[in-house]
Amino acid sequence: MKGLLSVAALSLAVSEVSAHYIFQQLSTGSTKHGVFQYIRQNTNYNSPVTDLSSNDLRCNEGGASGANTQTVTVRAGDSFTFHLDTPVYHQGPVSVYLSKAPGSASSYDGSGTWFKIKDWGPTFPGGQWTLAGSYTAQLPSCITDGEYLLRIQSLGIHNPYPAGTPQFYISCAQIKVTGGGSVNPSGVAIPGAFKATDPGYTANIYSNFNSYTVPGPSVFSCGSNGGGSSPVEPQPQPTTTLVTSTRAPVATQPAGCAVAKWGQCGGNGWTGCTTCAAGSTCNTQNAYYHQCV
């Protein structure tokens, strides 16, 4: 009996950890660094932040300080890659932000301003999202030297507002920029950059989804002044075949499986586990997505 209970407890723990995803590793140059070596470790496992007024929107729950996190040196203009524990599977945009620390990145809480340097939005026609296990972007070459928080977020809008609540999956890396220029981009405060009335926050990806505006400011580039986010409009149909990837159907789970809180437990086409772990229930958010809450 004790053995069976241990197996059940382990199964539930694995389910909890795999319910969502987290950006946990950074690559710079040709080196893939250790898990949470240069990324602040959060305290909510891989669960999302949903409160638009929370300071946790900056660097996730438990990410206000980086005292136990190292800071990596990178050159302005160089590329970097964020890696996840499991590929992003909630539809929605992925964005990267920078915020310059007044001193060391490790002691900075992100209360200054943030500017966006990259968006991965949907492509049209079809509304296909970039659902990947890693995301590579480039630092602007013109920004000033110093220490920064490098923030990545995946905004899950798979559970349309207002029946559901969009989910922010966030991580912050600590970097020291060298070889830069003289530009200090203007930015936005977080929280405050995202509002419940933003079209990209309230979008319903299951109904008349033909264009999309990524929440937050526009992407900064050297020589630009920034501004509001630009909408992603439908593009002419390509003459070549566009190969896209979708999440593979989830295999039917064995009897006794349990979905962790915030995980998917049903919906049209869902073939996975439909039983929620103790303490949560399966709630119908829409025809396509049922969630343990």
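The first residue you see is number 1, and the count goes up from there.
Every residue, even glycine, has its Cβ placed from backbone N, Cα and C.
Remember, predicted model here, so these are calculated numbers, not experimental data.
Swiss-Prot annotates His20, His90 as Cu(2+)-binding residues; of Tyr161, Tyr169, Tyr201, Tyr206, the candidate listed for that same site is Tyr169.
According to Swiss-Prot, Cys59 forms a disulfide bond with Cys172, chosen from Cys172, Cys222. In this structure the C-alpha atoms belonging to Tyr169 (Cu(2+) binding site) and His158 (O2 binding site) are separated by 13 Å. In the three-state DSSP scheme, His20 (Cu(2+) binding site) is classed as coil. The two recorded residues, Gln167 (O2 binding site) and Cys59 (disulfide bond), have Cα atoms 14 Å apart. What surrounds the Cu(2+) site, by Cβ distance within 8 Å of the Cβ centroid and not counting His20, His90, Tyr169, is the set Tyr21, Asn46, Pro48, Val88, Tyr89, Ser154, Gly156, Gln167 from the same chain.
For His90 (Cu(2+) binding site), the nearest neighbour among the listed recorded positions (Cys59, His158, Cys172), judged by C-alpha distance, is His158. In the predicted model, the domain 'CBM1' (257-293) has a mean pLDDT of 71.
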